[in-house]
Amino acid sequence: MMKRETLIEAGIIGGLAGAQVIYAGNSELLSQLLSLGIDPLLIVILCTFASVLLITPLAFLLERKLWPRSLSFKLKIKLVLVALAGVTLFQGLFLEGMKHTSASMATAMPNLCPAFIFVIAWAAGMEKVKLSCMYSRVKMGGTVLCVMGALIMSLMHSTTATLSSVKTIPIVPDEVVVDKDKILGCLYLLLAICGLSSSIVLQASILAEFPAPISMFSMVSLMGGITTVALQYALKGSMEMGSASVIGLGHLVGYAILGGLVSGGGLSFNAWVIKRKGPVIVSLFSPIATVVCVVVSAFTMEESFNLGSFAGMALMFGGLYFVLWAKGKEDCEEIDEMKQDDEESLLRTEFDLQKPLLL
């Protein structure tokens, strides 16, 4: 029994690390596709519908008994909002931001999610904050560090890219050249992470009423794909392939299936791990994708990073772990308090003064 549990623990750790490496490779491939001029919304549409086709049979086999007989109107509204924020808004802005920056920057930004989720949940009244509690203060400090690190990394990364591309222009020491396109890309990424964080908070509310994460992902992906198609028609009036002919429709469909497998499989595995071990351990592995992307970009794309970029990245990772550490400690403290309250309630019931003592 102990050996089986050890193997499961090792499988979880190896699976989480492997998922981040695959995610990093997928991000690098995405960056290459975007550099060819392929429309980001087209990639979102193809990958989303591919995910629906691949994940729906799995949801039917594993979670059919968990489906409710009917969905309430409130639950339907939440599902639509998650589809808009987590699929159309997040993926569209994320790919647009990656197009203007790099895969390394795009994989670094999602590390802001725990801090943003904390702020959104606090504003919505779902997260308790006591200024007298040390863990609450650590979470607030970690959130500030995350945001500061993201801003520093964005500014330094945009400056580095510009200076390395204008070697013939003499650089004045007191003047800093900033690539406005990179700054715009970072803003797209920040907005994308805000959308993702909002959708995660909503998902927690949905799963309390609809405890089938794979089925929820399938439904949200379908609705998100439909809304993205509607957005494509609203913005461009048609489903134009753009520069997709450069690589061929067959290769693009093949990537869509690969992207659907990566996103659908990764999210399903994360949902299983969260159910067994909680969300904290999943978040702890998220910086691996950023590190892999930085290394791959440095060797394959000759992308330069200065000390300021790494300092901002380190600051953001530090803030992330502060938030996760405080959240984990706070959850443990709440569990201990609940156990203590249960024990006190049991004692009061057992030694009720209105009951005669046993002789």
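Just so it is clear, glycine is given a Cβ too, placed from its N, Cα and C backbone atoms.
Feature annotations, courtesy of Swiss-Prot:
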- 5-25: transmembrane segment (TRANSMEM)
- 30-154: domain 'EamA 1' (DOMAIN)
- 41-61: transmembrane segment (TRANSMEM)
- 77-97: transmembrane segment (TRANSMEM)
- 105-125: transmembrane segment (TRANSMEM)
- 143-163: transmembrane segment (TRANSMEM)
- 183-203: transmembrane segment (TRANSMEM)
- 206-226: transmembrane segment (TRANSMEM)
- 206-324: domain 'EamA 2' (DOMAIN)
- 246-266: transmembrane segment (TRANSMEM)
- 279-299: transmembrane segment (TRANSMEM)
- 305-325: transmembrane segment (TRANSMEM)
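Through the fold, the transmembrane segment (5-25) approaches residues 103, 107, 262, 266, 269-270, 273, 276-277, 281-282, 285-286, 288-290, 292-293, 296 of its own chain, all at least 6 residues removed from its boundaries and within a Cβ separation under 8 Å.
Secondary structure of the domain 'EamA 1' (30-154) per DSSP, as helix, strand and coil residue counts: 103 helix, 0 strand, 22 coil. At the 8 Å Cβ threshold, with sequence separation of at least 6, the transmembrane segment (183-203) lacks contact with the transmembrane segment (41-61), having fewer than 3 such pairs. The transmembrane segment (105-125) and the transmembrane segment (41-61) are not in contact, since fewer than 3 Cβ pairs between them lie under 8 Å (pairs 6 or more apart in sequence). On the 0 to 100 pLDDT scale, the domain 'EamA 1' (30-154) averages 83 in this prediction.
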